[in-house]
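Student: First the structure, then my questions, so here it is.
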Amino acid sequence: MENEGTVGLDCNFELKEVQKLEGHTDRVWGLAWNPVTGLAGVPSVLASCSGDKTVRIWQQAAATGSWECKAVLDETHTRTVRSCAWSPSGKMLATASFDATTAIWENVGDDFECVATLEGHENEVKSVCWNSSGSLLATCGRDKSVWIWEVQPGHEFECVSVLQGHTQDVKMVLWHPSIDLLVSVSYDNTIKIWAEDGESDDWHCVQTLGDSFSGHSSTVWAVSFNSTGDKMVTCSDDLTLKIWDTSLDLTASGSDSSGLWRHLCTLSGYHDRTIFSVHWSRDGVIASGAGDDTIRLFKEIPSDVVNGPSYNMICKKEKVHSMDVNSVQWHPKVPTILASASDDGYIKIWELKAIS
Amino acid sequence: MAIVLLSMWNTLTVYRSYCRISRVAIMGDPATDDIFDSSLSLEDDHLKEGYNEGFEDGKILGKQEGKDVGLKLGFETGEELGFYWGCVNVWNAATRINPDVFSSRVCKNMKQMEELLDKYPILEPEDEHIDEIMASLRLKFRIIASSLSVHIEYNGYPKSSEGNTIGF
C-alpha cells in the first residue's frame, strides 16, 4: 500500500521544543532513554553518544523540569561512540564505538565506571542492543557481522555466536521486545531476522527481507518494533518507511520464533533525503528523522478489513536541527516526549501536543 | 693451332660451368626445394623459433616463480596454522590441569577450533574449502580470545614495510 505524499487528514498535532541540550563538541549519533526512569518520582535520564568520543548522561531536574548534564563518560573510547543502550534494569549502559570495542558502564552513585570492554569486531561497531530480559547483548558493525554476547555474573561477557550473512556494513541490531528474536539491518538493503535453534547457541538467519519481500532498494538504517511486537517499521536511504507484520503467535508461551514477517505497507513521498532513524512510541506514533533536517510523525488509521492498516502523517516539523537528524527516540514512560539528535551537535527535547 | 683449340676448349668449359651455375642459381637444383620457399615462410619461421625459445625460457622462469610463491604462501599458512595449534595445545594443557578453567561454551569453541585445524587440507592447496576453513579458524580464534578477554592477536608474517622494527 502506498501513501503517496498526501497530507493526512488528522495533521493537527505539533511538536513543541522543550529544551536544546548543548555540550557535545561533535555530531550526536545516538540517544537512549533509561527505561526505568521518568516515572513515580524518578527523574528522566537520557544518554547521548557522539563523534567527540564521549557519552553524556542528562537528567531532568525534579524541581525545574529542565535538563542538565549529569555526567560525561570519557577517556575510554578512542574514536566516535556510535550507539548506546541501557540494560532493561537501567543499571548498565552499553556503548558501541568506531574503535571496534563495546564498553559496558555501571552507574555507581553519581558516577559511571567502565566495568567491561567487549572486543571482537574487526572494525567500527555501529549498534548495540540488550534483549528484553537483559541476558543477551547484540552488536553489529562494518565487518558485516553480528555478535551475540551472554551477560554473566561479575561483568563477564561471553561470545555466544557470530552471525554472518549480511554482505555489507550492518547499521543496526534490535531485539524483539518480548522474545529472543534479533533483527539486523544493513547497507546491503536487507533486513535479517535471526533466531536460536533450541538452546544450543546455534543462531541462524530465519528470514531475509529483501527484494522478494518488497524490501528496501537502498541502505536500511534503522528498525523499531511497536509496543506489542507484532509489527516493525524500517527506514531507508530509499526515502521510504516500511511497515512489516508477523504471523508469530506472541501470546503463546515459549514462542516458536519461526513465524515469518511480511510487508504490510510502504510510506513514501514524505522525506526527500535519507531517513536515518525511526522509533515507534507506546501510543503507536511512529517518529522518523532524516537528512532533510525534518521530523515526521505517523499514526496508524483503523484498519479496513479489505485493505489492511494504513498510516497517515500527523505532523511534520521542518528544520528541527540545522543538519541531519541522526536519531529520534520517544520517552519510554511519557509517550508525548520525543528526543532528537543531530549532526549539528545538539539534542532537542520535544513535546507532542494537539493543535488547539 | 693446338694452343688456340685448347684455349677455346678452356673458355667453353668455363662458360659451360658458368651457365650451369647460373641455371642452378636461377632455377634451382631440381632435386631439392625451391630456394625461394624459405624466404616466403621467413616470418612464420622466425615466429615459431621465437615462440619456442620463449616457451622454454618461460618454463624455467615459471617454475622458479611458482616455487618462490609456493614457499612464501606455504610458510605464511604454516606459520598461522602453527600459531593456532600452539594456542590449542596450551588451552588443552590448561584444561588437563584444571578441567573447569574454561566455561563449557569456550571449551566447545576450542574443540571446534581443533577440529578445523585437523580438517585443514595442508597438502591440497587447490582444495576449494581451504579459504573457508581458514576464515572459520580466524573467527573461532577471535571468539575464544574475546571470551577469555585475552589480548593476543596473530599478526601475520611481518611485511617488508615493518621489517625495520625487527631487531636481533
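Note that Cβ sites are derived from N, Cα and C of the backbone, with glycine treated the same way.
Feature table excerpt (TrEMBL):
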type: REPEAT; residues: A:21-59; note: repeat 'WD'
type: REPEAT; residues: A:74-106; note: repeat 'WD'
type: REPEAT; residues: A:118-152; note: repeat 'WD'
type: REPEAT; residues: A:163-194; note: repeat 'WD'
type: REPEAT; residues: A:213-245; note: repeat 'WD'
type: REPEAT; residues: A:318-356; note: repeat 'WD'
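Could you place these features in context, so I can see how deep they sit and what lies close by?
Tutor: Packing against the repeat 'WD' (A:21-59) from elsewhere in the chain are residues 67-74, 77-86, 88-90, 93, 95, 97, 105, 112, 323, 326-334, 337, 339-349: each is 6 or more residues past its ends and has a CB under 8 Å from a CB in it.
Residue counts for the repeat 'WD' (A:74-106) under DSSP, helix first, then strand, then coil, are 0 helix, 18 strand, 15 coil.
Long-range contacts of the repeat 'WD' (A:118-152) within its own chain (CB-CB distance under 8 A, at least 6 residues past either end) are made by residues 79, 82-89, 94-98, 100-104, 158-164, 166-180, 182, 184, 186, 194, 203.
A Cβ distance under 8 Å defines the sequence-distant neighbours of the repeat 'WD' (A:163-194), meaning residues of its chain 6+ beyond its ends; these are 83, 126-133, 136, 138-142, 144-148, 203-211, 215-225, 227-229, 232, 234, 236, 244, 248, 250, 255, 257, 261.
When pLDDT values are averaged over the repeat 'WD' (A:213-245), the model yields 95.
Broken down with DSSP, the repeat 'WD' (A:318-356) shows 0 helix, 20 strand, 19 coil.
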Student: Within the same chain, where does the repeat 'WD' (A:213-245) have neighbours whose Cβ lies under 8 angstroms from its own Cβ atoms, ignoring anything closer than 6 residues to its ends? I mean 6 or more beyond.
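Tutor: Same-chain residues near the repeat 'WD' (A:213-245) but 6 or more away: 171-172, 174, 176-179, 183, 185-187, 189-191, 261-268, 270-282, 284, 286, 288, 290, 298, 309, 311.
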Student: Do any residues of this chain, six or more beyond the ends of the repeat 'WD' (A:318-356), have a C-beta under 8 angstroms from a C-beta of it, and if so which?
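Tutor: Distant Cβ neighbours of the repeat 'WD' (A:318-356) are 12-22, 24-33, 35, 37-39, 44, 46, 48, 50, 58, 67, 273, 276-283, 285, 287-295, 297.
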